[in-house]
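Asks: Could you have a look at this structure, given as structure tokens, before my questions?
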Amino acid sequence: MVSSPMSWSKRLDHLLNGGVFSHAEATELMEAWLAEALTPVQTGAFLAALRSRGVDGTELGAMAAVLRQASPLPCERPTLGLVDTCGTGGDGADTFNISTAVAFTAAACGATVAKHGNRSASGKVGSADVLEGLGLHLKAPAAQVVSALPATRVTFLFAPAWHPALVNLAPLRKSLGVRTVFNLLGPLVNPLRPDGQVLGVATDDLLDPMAEALRSLGQDRAVVVHGSGGLDEASLAGPNPVRILEKGQVRSEWIAPEDLGLQQAPLDALRGGDLVRNQTILEELLSGRGSQAQNEVVAFNTALVLWVAGVESDFKQGAQKALAALSQGSPWSRLEQLRAALSPAKEE
């Protein structure tokens with residue numbers, strides 16, 4: 001159903017006055033966006049109003065559900081107990097690609113990871129940028145991307161290739177030049193519907209709404225984390241606030257590096273650089289030549305993934321398992337295997 005212009009005006013006014021949409025209203029707004037039933041001016045106004053008012057978990061969950069339905073999986077979903085590791089971006093910290101390193105490390109430790117990612121949001125180099133630079137074919141056919149999982153235990157879903165419904169909104173989002181609700185929806189709409197997820201947020205006010213959105217979407221297990229010092233992943237700079245989703249319930253905790261047998265380190269120890277620099281860091285780190293801080297921040301975040309995946313029941317054990325894998329260089333082997341599996345020569 002498409003609402004009348006007056007109805008949309010009233011709803012916009014509701015948002016501008018601090019109101020929150022019901023699940024049904026948020027659903028209708030997203031459906032209208034995808035159907036191009038709103039003018040660019042109306043769409044821009046709604047995006048700005050949502051950004052100004054702040055995030056609501058019910059709205060996010062409803063919008064994500066619509067996007068999921070609009071992006072059906074073009075091949076059979078694997079039944080491997082999948083997990084995803086990603087962040088909302090927007091922390092502006094210019095760290096190296098931590099969540100990308102975590103995906104390959106977690107795979108080397110026994111998790112099965114379907115990483116859903118894109119090009120840079122705020123950092124200098126996004127996950128897609130660095131992986132493409134290391135030779136991954138980002139636009140491999142969907143069946144090829146999925147079929148890589150049994151052997152490699154990790155694959156990469158380049159978001160623009162999997163969400164054709166969002167193509168028409170891309171020019172407007174780009175012209176606005178600011179982060180919108182769509183930046184938060186990206187981590188919620190992995191096309192392979194992972195059973196578990198570690199989701200990093202750049203500000204602590206996103207912890208509860210993102211956890212609520214995951215709960216409303218039926219996520220089995222998840223950890224939503226805001227990194228000490230302002231990262232959108234667990235940090236070594238101090239205790240990290242988290243929301244843990246398990247069996248339909250969300251609980252709040254704090255997890256410090258010391259809890260996992262790791263040492264605190266400043267954010268400067270995690271700095272990245274340009275594309276070439278970040279590629280070098282990722283290759284050295286995954287092949288056993290990373291610095292202590294690089295190894296330990298990846299181990300910290302990998303521990304969360306291993307718990308979500310059910311591979312480890314204890315965060316500390318998970319961190320130590322990740323450190324052992326990194327020291328052996330086995331995560332780099334996973335990346336090499338995935339690069340070969342996604343090669344154009346492998347396309348059928």
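Going from the start of the chain as shown, residues are counted 1 onward.
Note: Cβ is positioned from N, Cα and C throughout, glycine not excepted.
Below are the features listed in Swiss-Prot for this protein:
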type	residues	note
BINDING	GLY87, 90-91, THR95, 97-100, 115-123, SER127	5-phospho-alpha-D-ribose 1-diphosphate binding site
BINDING	GLY87, ASN118	anthranilate 1 binding site
BINDING	SER99, GLU233	Mg(2+) 1 binding site
BINDING	ARG173	anthranilate 2 binding site
BINDING	ASP232, GLU233	Mg(2+) 2 binding site
Asks: To the nearest Å, how far is the Cα of SER99 (5-phospho-alpha-D-ribose 1-diphosphate binding site) from the Cα of ARG173 (anthranilate 2 binding site)?
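Replies: Computed Cα spacing between SER99 (5-phospho-alpha-D-ribose 1-diphosphate binding site) and ARG173 (anthranilate 2 binding site) is 25 Å.
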Asks: How long is the line from the C-alpha of ASN118 (anthranilate 1 binding site) to the C-alpha of GLY87 (5-phospho-alpha-D-ribose 1-diphosphate binding site), rounded to the nearest angstrom?
Replies: 11
Asks: Work out how many Å separate ASP232 (Mg(2+) 2 binding site) and GLY87 (5-phospho-alpha-D-ribose 1-diphosphate binding site) at their Cα atoms, rounded off.
Replies: 6
Asks: Take the C-alpha atoms of ARG119 (5-phospho-alpha-D-ribose 1-diphosphate binding site) and ARG173 (anthranilate 2 binding site) and report the distance between them in angstrom, rounded.
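Replies: Spelling it out, the Cα of ARG119 (5-phospho-alpha-D-ribose 1-diphosphate binding site) and the Cα of ARG173 (anthranilate 2 binding site) are 15 Å apart.
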Asks: Using the structure shown, find which entry in HIS116, ARG173 (the binding-site residues) has the sparsest Cβ neighbourhood within 10 Å.
Replies: ARG173
Asks: List the Cα distance (Å, whole number) between THR95 (5-phospho-alpha-D-ribose 1-diphosphate binding site) and GLU233 (Mg(2+) 1 binding site).
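Replies: Taking the Cα atoms only, THR95 (5-phospho-alpha-D-ribose 1-diphosphate binding site) lies 10 Å from GLU233 (Mg(2+) 1 binding site).
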Asks: For GLU233 (Mg(2+) 1 binding site), identify the closest of the binding-site residues GLY87, HIS116, ARG173, judging by Cα separation.
Replies: GLY87
Asks: Over all shown protein chains, what is the count of other CB atoms within 10 A of the CB belonging to GLY87 (5-phospho-alpha-D-ribose 1-diphosphate binding site)?
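Replies: Neighbour count, Cβ to Cβ under the 10 Å cut-off: 26.
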Asks: Just counting, how many other CB atoms are there within 10 A of the CB of GLU233 (Mg(2+) 1 binding site)?
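Replies: Step by step: centre on the Cβ of GLU233 (Mg(2+) 1 binding site), count other Cβ atoms within 10 Å, giving 28.
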Asks: Indicate whether ASN118 (anthranilate 1 binding site) is helix, strand or coil by DSSP.
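Replies: Its secondary structure by DSSP: coil.
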Asks: Once the DSSP letters are reduced so that anything not helix or strand counts as coil, what is GLU233 (Mg(2+) 1 binding site)?
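Replies: Note: GLU233 (Mg(2+) 1 binding site) is coil by DSSP, not helix or strand.
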